[in-house]
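These notes are about the structure you will find just below.
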Amino acid sequence: MWSPLILPLLAQIFACAFGDAVNEGCNVDPKGIHGLWYLDEPFGVYLSAIYNGSLAYIMMKERVPAIVTTVINSLEQDNDEIVQKYGVESQEELHRIVDSLKSLKTELSTNQPLTNLPLAHDEADRDAAVWNEHLDRQREIEGPNLSYFFTRFLLAESYTFRKMAHAFALAKNVRNFDFFGKQKEHLLTNSAKSLPILAHRALLEANRSKATKDEMREELAKFLKLSLWGNRFDLAASSGHEITQAGDPIELLSSFDEDLLIDHTRVAWDILNKPHGPNDPVIVDIVLDNAGYELFNDLCLATFLVSRGLATKVRFHAKQIPWYVSDVNIHDFHWVIGYMRSSSDPHLKEFGDLCARQLESGSWSVEADAFWTTFHGYGEMKKQAPVLYNTLSEATLLIFKGDLNYRKLLGDLNWEHTTSLDTALFHLDFKPTNVLSLRTIKARRVRRSYARDAASCGRRTRRRWATGRTGVIVASAKNAQCACAKSR
């Protein structure tokens, strides 16, 4: 359905990039990038930094280079500490990595073509060859000038983070060093005062002997909203600068309601509360976003789901490599639980022990598939990662956290604002099961057909689109005839 719109766009992009004269609709960036369009993305096209009025442009021009700079600075500042941990041979590796990241920043800021990843001599970086195959295929579609500002935003942004990780993958001693690790740990420790409050609430619900349906529905809504608003703690959106949560997050929940543009918590309740056979497992998959404070809230939600019998198993999906600054990897997941278990606060320690038991018993699991660190939208999952797609199809509810997951659900296309998530997923052929997206808005894509009037909602939020202050809890039931699909 998109080719009539995309192919002319690609032709115009090619003309802007390679034409002898500046074409109508094209211009030169003040800092020297020729061929940008001084307008927002048209509807029906992939998001791209070629549009000077877009968030994609801001991200690729300012925030992503700032993230690369932050990593360079932290490596130089922590050089002695890293060498002490990984050995004297890591010194030269760090120098090479810093040089590589500086080159990456230059390539990015000057809109150079994306190059294939050099292959390692072992299996430590297995998906590099897969990335190169996809890059070659994309060049066949877009042409040889597959550059940061002219290609799809999702490809350019993901490639930048993948290339940062690749600089370490080519090393021997610091191969497993998480260059975002300290920042992710600070996301939790900076919110230390709020953690015992949340842990206490999760424990109360886990140990509660009896609750009415109405009480359970209200508590589910609270834990979903806590998980949502924890998504404000996104280091990629803040260019890697630290963020702090203070105060009682439960008491603050009601004050955030005016910022919740779409609230489908009732749909989630109806999906999970449907009758199931005694031997039918109720699996909830959570595709994680940020480590630290947000992950802590996700653990609270998962504890509530299992302890109240709304799920028999929760499967967490993390990343294999450092990704988008604060995304959760397997180490981050276990680190948070270990942090709680070693705490002197009794509620925090008890909650950490409970989380560990849920992992040991099999009520929880944490997994990481290479697909999560590609540039593919989720409409491509069935073809690119069929095993993962089939695994997700086993779930009763599939929860996606954060802005990047939301963009991938929509194929990183600029849909009309009134397009429902149901419509987008139908056209992109992604419907493994019931889907719930918890996302604070850091871009301009929000499906508003179930929210307030789209025009007034747009006026109200335009200045806040990229701030993460507003959010959505939006559902798409697999069976549109199901009663849960009508409860929005």
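For all residues, glycine too, the Cβ spot is worked out from N, Cα and C.
Listed features, source Swiss-Prot:
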- 1-19: signal peptide (SIGNAL)
- D289, N290, D327: Mn(2+) binding site (BINDING)
- D289, N290, D403, L404, N405, Y406, R407, K442: substrate binding site (BINDING)
- E294, D327: S-adenosyl-L-methionine binding site (BINDING)
- 439-442: motif 'Subfamily III RTxK motif' (MOTIF)
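Reduced to three states, the DSSP call for D289 (Mn(2+) binding site) is coil. E294 (S-adenosyl-L-methionine binding site) is 16 Å away from Y406 (substrate binding site) when you measure Cα to Cα.
E294 (S-adenosyl-L-methionine binding site) sits 13 Å from D403 (substrate binding site), taking the C-alpha atoms as the reference points. Other Cβ atoms within 10 Å of the Cβ of Y406 (substrate binding site) number 25 in total over all chains. Cβ crowding, taken as the number of other Cβ atoms within 10 Å, peaks at D289 among the binding-site residues D289, D403. Each of the binding-site residues E294, R407 was scored by other CB atoms within 10 A of its CB, and the lowest score goes to R407.
Across the residues of the motif 'Subfamily III RTxK motif' (439-442), the predicted structure has a mean pLDDT of 84. Using a 10 Å Cβ-Cβ cutoff, N290 (Mn(2+) binding site) registers 28 neighbours.
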